Amino acid sequence: MPADARQWCSPGRPEAQDHTPENGFTPVERPAPRLLPNIDGSVLPSLGGFGKHQKQLVVLTWIPALFIGFSQFSDYFLLAQPNGTCVQPLANESDWTAASPPVTVTSIAPSLQPTGNGTGHGYGDGVGMLCACKEWRLELQTGLSQNVVTKWNLVCDSAWKVHIAKFSLLVGSIFGYLVMGVMADWFGRHPVLILSVLFMLVFGLSVAFSVNVTMFSTLRFFEGFCLAGLALSLYVLRIELCLPGWRFSMTMVASFLMVGGQLLMPGVAALCRHWPNRDDWQVLQIVIISPFVLMLPYVWIFPESLRWLLATQHYRRSKAMMLRIARKNQVDMTTEPSGVLTELEQELHKKPQRSCIVKMMSTRNLWKNIVVLCVNSLTGYGIHHCFARSMVDPEAQPTALCHADYYTMAGIAVATCLALCPAVGLMGRRGGLLTFMIITALASLLQLGLLNLIGKYSLRHDTVLRDTLNRKFSVAFSIIGMFSSHAVSTLSIFFCAEITPTVIRGGGLGLVLASAGFGMLTAPIMELHNQKGYFLHHVIFACCTLLCIICLLLLPEPRGQPLPESLADGETFTRQTLLHPGEQHLLLAKSDRDYSRVHDTPLHLSATGVAKNILY
């Protein structure tokens, strides 16, 4: 083929569409790009962008966030450890009264719980004698007059059942994230949302009528399962409704509402105190589950995700959905110039194609990004418990300890949400995540190392001043660490929702949320083992933060980018190179030379030429 023919047949030249060469060759036209896969750039703008329809649906995803916050923090009241006072001691013992250290939101000292052989001597003689007492009076400091622990006397030899009850909600949430994430990709977001609401009402209300702790723990497992499906489906729907510029702000509003549920929970518990003809904890459980009844109309008013319908080729359902959205946004689709509906009419014959998260294993870059974010969320929630434990003052009064620590944690969560907004706006997703992870690592390493150096070298003789400084530094580093680790966890989940393709977004987000659940599961595990191995636990997560800092450099920057729809889009969504595209193209162009005749040059002549250049 002549050189000019090759030149005109090249599909990369725009002149091929405007001119016809004299030699008679027909130019090869580049096919027009498809509009349907470009949802953020073509489909949604043709339907009015982020219009009235999308805004109303986003508001509907915010309302349940407050109720989800109630359920997620209900353990701190339903399973709070009480103070115990002996009423009827053994025959060989004299009358005495002993108060045990309570377990509050961040405390890890078990109350009325024996060690090893069940004698309780590991916590002092008073607690050991109290566990040997025939009858005692249990008093709560968390707003309720009675909860699950006081109802069935889950103290001393039965204290381990409290930790099993805490496990049940978290383990149910982990399984719920994994299973419901796959179902959201296979059957759609709307069916998962509605099923989660229905079964949440069934199992959540059944918990209030439990007759023993075994029934309570079993029903709490299924409540956590449904709560996970509800939270995941709402998160995915909210992300998929928004254009790139609105995604983070709309997600942070939901985070604020969830933290608002945490702040309001003590007041709700106080209102349920001394309820007539009913135990306090039962009333509290009914109160926090009943608002989910407001989500039952979502069956009719909340549609399926248009983004998921287009990504999985449900084109017939997509057409009706697009017309409905255009009508609510007051857009005339009959005169729309983009041609989205015209292309959709040509694709109606195609059958739906669903994907599963298992297909992620066949990718090259996508699975690495999701694994990095899983480790980040696991580390963030896991080390958060280490900082929370270090912040507790063991010498504080029981009432002040409970409420002060609870509101401190809630205040740190509010401060984190406030700091995330400007930080992500200035540094982006990857820059913000890397910054908060570095702060977490520094706070952890300084808490583990600096405090020992102060006591070992500086203040070996002044023990009072040494202990005071250690305590103040420990609290300061704990607050900083809780702040930054909470930011890491929140941003890792949002990061995953942005870089995971629509066809497997539910499964990918489920993996990251399940990893976060494993991180939260370390807290009751440490309590069950009486805090044995706590220092090693902190050291392991501190090492994980250093590993995460290195791995975060491999992630892409999704700020301002359209959401990936297919696995191919997610695979090409990689981190940007250090060189600009123009510089990289110029560098490649300079190296594009013809070296076909190099082998004709004798080796000794090349060596002679090199020697002459060196000498002269």
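Using the three backbone atoms N, Cα and C, a Cβ is placed for every residue, glycine included.
Listed in TrEMBL:
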DOMAIN    61-559  domain 'Major facilitator superfamily (MFS) profile'
REGION    1-32  region 'Disordered'
TRANSMEM  167-187  transmembrane segment
TRANSMEM  193-213  transmembrane segment
TRANSMEM  225-246  transmembrane segment
TRANSMEM  252-271  transmembrane segment
TRANSMEM  283-301  transmembrane segment
TRANSMEM  406-426  transmembrane segment
TRANSMEM  433-455  transmembrane segment
TRANSMEM  475-497  transmembrane segment
TRANSMEM  509-528  transmembrane segment
TRANSMEM  534-555  transmembrane segment
Outside the transmembrane segment (534-555), six or more residues from its ends: residues with CB under 8 Å to it: 108, 368-369, 372-373, 375-376, 378-379, 382-383, 386, 389, 430, 433-434, 437-438, 440-441, 444-445, 447-448, 495, 499, 522, 526, 575
Confidence summary (mean pLDDT) of the domain 'Major facilitator superfamily (MFS) profile' (61-559): 82
Long-range neighbours of the transmembrane segment (167-187), counting only residues six or more past its ends (CB under 8 A): 75, 196, 217-218, 220-229, 232-233, 236, 354-357, 503-511, 513-514, 517-518, 520-521, 524
